[in-house]
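Data block below; observations after.
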Amino acid sequence: MARDLVMFRDVAVDFSQEEWECLNSYQRNLYRDVILENYSNLVSLAGCSISKPDVITLLEQGKEPWMVVRDEKRRWTLDLESRYDTKKLFQGKDIYEMNLSQWKVMERIKSCGLEEQESPHEVCFRQVTKTTSEKMPTYRKLTSLPLYQKSHNREKPYECGECGKAFRVRQQLTFHQRIHTGEKPYECKECGKAFRQCAHLSRHQRIHTSDKLYECKKCGKIFTCGSDLRVHQRIHIGEKPYECKECGKAFRVRGQLNLHQRIHTGEKPYECKECGKAFRQYAHLTRHQRLNIAEKCYECKECGQAFLCSTGLRLHHKLHTGEKPYECKECGKAFRVRQQLTLHQRIHTGEKPYDCKECGKTFSRGYHLTLHQRIHTGEKPYECKECQKFFRRYSELISHQGIHIGEKPYECKECGKAFRLFSQLTQHQSIHFGEKPFKCKECEKTFRLLSQLTQHQSIHTGEKPYDCKECGKAFRLHSSLIQHQRIHSGEKPYKCKECKKAFRQHSHLTYHQRIHNVT
């Protein structure tokens, strides 16, 4: 192709509603990112105020781009041409390579999309804009292009220098590298949450605009994409269409099956360049690398704890120096961080602005309400891809994943015991120090952990927030409810390795094993 005039109409693609529905969520996200980034590049190069095309407005709002008429793009390019000599502006080699032509955008979406498809014949694409064959190749001509052939040959020329993962398209590598750099350039103006990809921001913004959200009728969980809802609904109906031919284990999502099959093949494609350790999942490699990166970054000279950023280290230093600049005027208690003071003051004011609509219970923090509501809905949004176990809290998932990885990087200097999480080490060390900082105001009993105090206080209040949906029996502790529910389900997860007898509770198994240990 001749390297001459490149305008927005050359780097944009029209879709009808019918064609847009044929794309999966991955292809749609890539389309949004490519078009928005190209538009941003063109505007920055033009250096002037240009009326924004409707397709860009819709994409920024998370709406469907097929609603745009072609006349809008024509109006925008005429506006640009009237202000600048665009041929001179965009004819340079670097500019041309940065701004993809229209067929290249289509080609990229196709080649990336084929990785997610079972067969290339399933991809529903056709050219919409009527152009000459020289400027806009047809679908048949695209199949002969080198980049499109990469999707069949599995050629991935763009490799990440950090972890070695390779990609077929440069843009995918750019997105991926933000995982290592931590860059999240796209920020939501409503809530301040930041994202690595523009498409992720667009999808997130639908939560605020309530534009075409998909709600699960079983548990009320909200999705911004219909395909995500369909996959989620398999949890409720128990559908697991993807079965492992080796062991018969079935999965809801094809990606879970692919990961599982590596157990049988022994494949560990993700290798750490620092120590050579290999992992089955990329997420496990990333977690492992964070520990290595932390060792090289900001380390506390007092206790050796490492941080990825200097601000985290500065906050941590206050633990050792005892600096607590934010003091409560009511009781004199001081805090290291202003946010801690704000939350603490609600104890004195009694403010609990977050109330549960199911049971009326109120909370001083929105996060506590969110966690509480999952008791009623049964929602456990965080899934372990190794064993398909679900968790209500992300921290519980991270803690659990350490079981599969087998890493315990935090070692107690007193007794040598190692832990997966730094918080676990901190809790453990209080055993050696004899520290019990959490006191019950009712009976003066002290506890090492805040969670222990919270559980204990329910004895005085009589509160039993965890009720069984089968028989209505209520419990103080969630763990007690889980044990009770096994009576109804018949589940006995703890099996004796000697005689294969199974038990509902681990304590029952421990007691039983004494029979075999008697000499």
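From the backbone N, Cα and C atoms, a Cβ is placed for every residue, glycine too.
The feature zinc finger, as given by Swiss-Prot for the ranges 22-44, 298-320, sits at 298-320. Checking LYS104, LYS110, LYS217, LYS473 against Swiss-Prot for the annotation SUMO2 cross-link singles out LYS110. Ranges compared are 58-80, 242-264, and Swiss-Prot records zinc finger for 242-264.
Sorting each residue of the zinc finger (494-516) by its DSSP state yields 11 helix, 4 strand, 8 coil.
The zinc finger (158-180) makes no contact with the zinc finger (410-432): fewer than 3 of their CB pairs lie within 8 A, with pairs spaced 6 or more apart in sequence. If one looks beyond the zinc finger (410-432) by at least 6 residues along the same chain, the residues whose Cβ comes under 8 Å of a Cβ in the stretch are 305, 398-399, 402-403, 448-449.
Non-local neighbours of the zinc finger (298-320) in the same chain are 182, 290, 336-337, 422; each lies 6+ residues outside the stretch with a CB under 8 Å from one of its CB atoms. With DSSP classes pooled into helix, strand and coil, the tally for the zinc finger (242-264) is 11 helix, 4 strand, 8 coil. Along the zinc finger (382-404), the predicted structure has mean pLDDT 79.
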